[in-house]
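Feature annotations, reproduced from TrEMBL:
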type	residues	note
TRANSMEM	A:21-43	transmembrane segment
TRANSMEM	A:49-72	transmembrane segment
BINDING	A:71	heme binding site
BINDING	A:83	ubiquinone binding site
TRANSMEM	A:93-115	transmembrane segment
Ligand code: SF4
Ligand code: SF4
Ligand code: FES
């Protein structure tokens, strides 16, 4: 039904599922971190490092970062198509935001990598 | 007893900008009336005041307006339901104003037209008399067929405000679902194909403004949820 320019073409069903699946991962991660903060009496640098040194936490964090990237990409596309009506401006903002989301993942990957 | 009103006035042909005009109505102490009756009385005072109405009993859907910030039918909204103090009446939000409380509903009807609001049956051998339905099949249409297309829902929906050309809106989608689940309709797949994009259905974010304003007590959000799951089931 939508026969607009390509910038408006996304797959509704796919986005719907992706948004919910990524939201679930982000929620799980948030709960896990909340549990960590509540259950740990004193959080020192060593405790913090040891939390992220296990392979489980590395993978979990990385998956969450990727989930955030996709969640943000779709969510902000929806917000932008609601509020920014000029196609050129919208494409530019979307491009910049996508790059920022991607940079978060890359930086996150390096940080995780660095934790021994 | 004096009732105070503030009513949106705009005649695009002569006015540079819309304005709010104050009116007062003298009524008997303790008397209640519908907003539409008050508007009719005010029109006696000021014949230039324009609004739509027809049945004056909540069945035609002509007099959807925004009263104290909430959409509804003027003819079945009692003044007492709007609380004490000044009553603010504005046209339905988001649509172009033709004059005062009269809005141009073209965008709303275009979306309605898109969902093909009629029974499609490609049966090669149509029954001699009529397509029969079991009581259970018929019951599925309850809560859907009662819609009077007043547009109170769609014009209260932020997603419809921002994308009235691409998002079908709650009223249109309620009707879409009404035909999707009709046992006599054979175009289910084609109908779903038409709705399968990022805007037509999926711009609904479940804000539920539509449910809170529908004067017929219908639940477009629920119908939209059903369409979403039909689209999902088809995809997997
Ligand atoms: S669903 Fe309700 S509010 Fe919406 S057009 Fe139909 S009757 Fe009016
Ligand atoms: S539930 Fe959907 S259709 Fe209803 S007001 Fe919210 S976004 Fe609009
Ligand atoms: S005048 Fe018909 S619904 Fe109000």
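Each residue's number is its place along the chain shown, starting with 1.
Positions of Cβ are set from backbone N, Cα and C atoms, glycine also.
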When you measure from the Cβ of the residue listed as 'ubiquinone binding site', which residues in the chain that are at least 6 apart have a Cβ under 8 Å away?
none
Identify, in sequence order, the residues in the chain of residue A:71 (heme binding site) that are 6 or more apart from it along the sequence and have a CB within less than 8 Å of its CB; answer 'none' if there are none.
A:18, A:19, A:22, A:23, A:26
